[in-house]
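Comments concern the structure below.
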Amino acid sequence: MSAKKPMALVILDGYGYREDNQDNAIANAKTPVLDGLIANQPNTLISASGLDVGLPDGQMGNSEVGHTNIGAGRVVYQDLTRITKSIADGEFGQTEALVNAVDKAVKVDKAVHIMGLMSPGGVHSHEDHIYAAVEMAAARGAEKIYLHAFLDGRDTPPRSAENTLARFQELFAKLGKGRVASLIGRYYAMDRDNNWDRVQESYDLLTQAKAEFTFDTAVAGLEAAYARDENDEFVKATEIKAEGEESAVIVDGDAVIFMNYRADRAREITRAFVPDFDGFARNVFPAIDFVMLTQYAADIPLLCAFPPASLENTYGEWLSKEGKTQLRISETEKYAHVTFFFNGGKEDEFEGEERQLVASPKVATYDLQPEMSAPELTEKLVAAIKGGKYDAIVCNFPNCDMVGHTGVYDAAVKAVESLDECLGKVVEAIKEADGQLLITADHGNAEMMVNPETGGIHTAHTNLPVPLIYVGNKDVEFKEGGKLSDLAPTMLSLSGIDIPVEMSGDVIVK
C-alpha cells in the first residue's frame, strides 16, 4: 500500500496579524521560516471573530469557537449569542432546567447558588447572563441568592473586576435580597489540566467557606487582593459576609447554577459535584440540584439548561464517511479543541480517526516555559506526516495563546520563535511526503501584549485577522475575505473530496 500524501492543518493558537509592531510579540520575533513562507508561498488573512464565527459583532474569537467553526465548515451560532438571544426574547427565564431547580429550592426555603466567571469577556461566560440568572431567581421567589464570583483577568484586563462586582452589589441592593458570597480567581476555579489542588480550593470555598480571607463586601475583598498583589485571575479564596451573616455554603437541598457556557474550563469543578469522583477527597458532598448552563461533557450526569445543537457532517465525520484516515494531535492545553470542539461537540473518535496527546509542561504559568511541549509535539507530527498512514492531520500548537495570556512580552517572543523553528521541520516533512499544509490560527493574542488604550498588560484575545498559508504540491491562489468556516471546504477541495451540503463555507482557493 502506497504512502498517503496528507492534508495537514496546523493551527497556531493565538497567532493573529496586527500591522502595528509596537508590543507585538509575533511581528518582533525572529521568524525566518514564517518570513520565508509569507514571501514565497500563497497566503492571505482570514477573519476569526465576530459575526464571521457566530459571535456578536466585534466580539473577539476564542479557541472553542475557532475550532468549532473550522471543523464544521459553516458559521456556527455560538452559545454566547444563543443565550443572549434567549434573554432578549424572554425565554431564558422559562428554561426548564433552571426553572425546576430554582422552584424546587424555593419550595423548601433553600438557597439558590449562582457561580461563574464574572466578566464581560465573553469567552467562557458573560456577566449579562449571570445578571439575568440572579433576576430570574429573584422573580421566582428565591430569598437566599448567593453569587460565587470566579474572577477573570485573562480574557479581560488583569485588574478589571471591580466594576462588575460593584454592578452586582447594586443589583442585590435593588432586589433587597441576595449577595456576593465568595471570590476566587479562575486560576483555581477553572483549571483544565488536572491540577486538582487548585480545584479543591474552589470546592472547599463553595461547600465549607474555607477561605484565607473574609470581607464585608466583594469590592473590599477585591481591593485587599490587589493590595496583596493578586490580579483577578489569581485572587485567593475569599469569603464575603457582613458581621452577623451566616456563611453562604452549598448544603443539601440547595440549587446550584453554573453560568459558564464554555465546557473545557467548567468540567473539573463540575465533576467535583458528581458522586463518582476521585480528583481529591471531599470533606462534604451536598445533595443538590446542579444545573450546567451548557453540556460540559456527555458523561457528566447533571441537568443542562441549553443542550448542544447537533452538527452533522463536520470535517472529521465527513472524512470518516469517505473512508479516509485522520490524526488529531496537540498537547494537553488544546487537546479538547482539536478533538471535542473540532468534531462539533462529539467526544468519541470517528472511524478512521486517531488521536495523540502530548502532556503540557507542569509549570505555574507558561511564561516560565514558553516553548511548552512544542519540540515533542513537532517530533510526533513530523513522524505522522512521514509515516504515510493518514489522509488528514489536524495539529494545534498552543504557545502563542497560552504564553500570550501571561502578559509577559519577552516570553511571548520566545514562544513565537520556538514555533518558527518547529514549523521549519513540519514544512520540510510535508514537502518530503509530497503532501499539503495549511497554517492558520483560531484567533489572535500574542500580536498585542500591551493595551494601546490603557498602556496596561494585554492578556486577552483580539478580534484581529489571522494568517492562512499554503505549502504543497498544487498551484494555489487564495480569494480575499475568507473566514475560519471556509477552511474545511477548502481542504476537502484541495484533497479532491466532495463537500457535504451542510458545509456552507466557501472554497477560498481559485
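Every residue gets a Cβ built from N, Cα and C, even glycine.
Not measured: the values here are computed from a predicted model.
Lifted from Swiss-Prot, the feature list:
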ACT_SITE  Ser63  active site, phosphoserine intermediate
BINDING   Asp13, Ser63, Asp442, His443  Mn(2+) 2 binding site
BINDING   His124, Arg154, Asp155, Arg186, Arg192, Arg262, Ala263, Asp264, Arg265, Lys334  substrate binding site
BINDING   Asp401, His405, His461  Mn(2+) 1 binding site
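Structural mapping of features recorded in Swiss-Prot.
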residue: Asp13; record: Mn(2+) 2 binding site; DSSP (3 states): coil
residue: Ser63; record: active site, phosphoserine intermediate; DSSP (3 states): helix
residue: Asp155; record: substrate binding site; DSSP (3 states): coil
residue: Arg192; record: substrate binding site; DSSP (3 states): coil
residue: Ala263; record: substrate binding site; DSSP (3 states): coil
residue: Asp401; record: Mn(2+) 1 binding site; DSSP (3 states): helix
residue: Asp442; record: Mn(2+) 2 binding site; DSSP (3 states): coil
residue: His461; record: Mn(2+) 1 binding site; DSSP (3 states): coil
Using the CB centroid of Asp401, His405, His461 as the Mn(2+) 1 site centre, which other residues of the same chain sit with their CB within 8 A? Asp13, Gly14, Asn62, Ser63, Arg154, Asp155, Cys400, Met402, Gly404, His443, Asn445, Ala446, Thr459, Ala460
Looking only at Cβ atoms, how many others are within 10 Å of the one on Asp155 (substrate binding site)? 21
I'd like to know which of the binding-site residues Arg192, His405, His461 has the most other Cβ atoms within 10 Å of its Cβ. His461
What subset of the recorded positions Ser63, His124, Arg192, Ala263 lies within 10 angstroms of Asp442 (Mn(2+) 2 binding site) at the C-alpha level? Ser63
Taking the Cβ of Ala263 (substrate binding site) as centre, how many other Cβ atoms lie within 10 Å? 24
Starting from the Cβ centroid of Asp13, Ser63, Asp442, His443, which together make up the recorded Mn(2+) 2 site, report each further residue of the same chain whose Cβ lies within 8 Å of that point, ordered by sequence. Ile11, Gly14, Ala48, Gly61, Asn62, Gly66, His67, Lys334, His337, Asn396, Asp401, Ala441, Asn445, His461
Rounded to a whole angstrom, what is the C-alpha distance between Asp401 (Mn(2+) 1 binding site) and Arg192 (substrate binding site)? 15
Sort out for me which one of Arg265, His443 has the most neighbouring CB atoms within 10 A, since those are the binding-site residues we care about. His443
Listed recorded positions are Ser63, His124, Asp155, Arg265, His443; which of them have CA atoms within 10 A of the CA of His405 (Mn(2+) 1 binding site)? Asp155
Cβ density check for His124 (substrate binding site), other Cβ within 10 Å (all protein chains) comes to 25
Chain-internal residues, separated by at least six, CB under 8 A from the residue listed as 'active site, phosphoserine intermediate': Asp13, Lys334, His337, Phe341, Asp401, Asp442, His443
Mind giving me a neighbour count for Asp13 (Mn(2+) 2 binding site)? Other Cβ atoms within 10 Å of its Cβ, every protein chain shown. 28
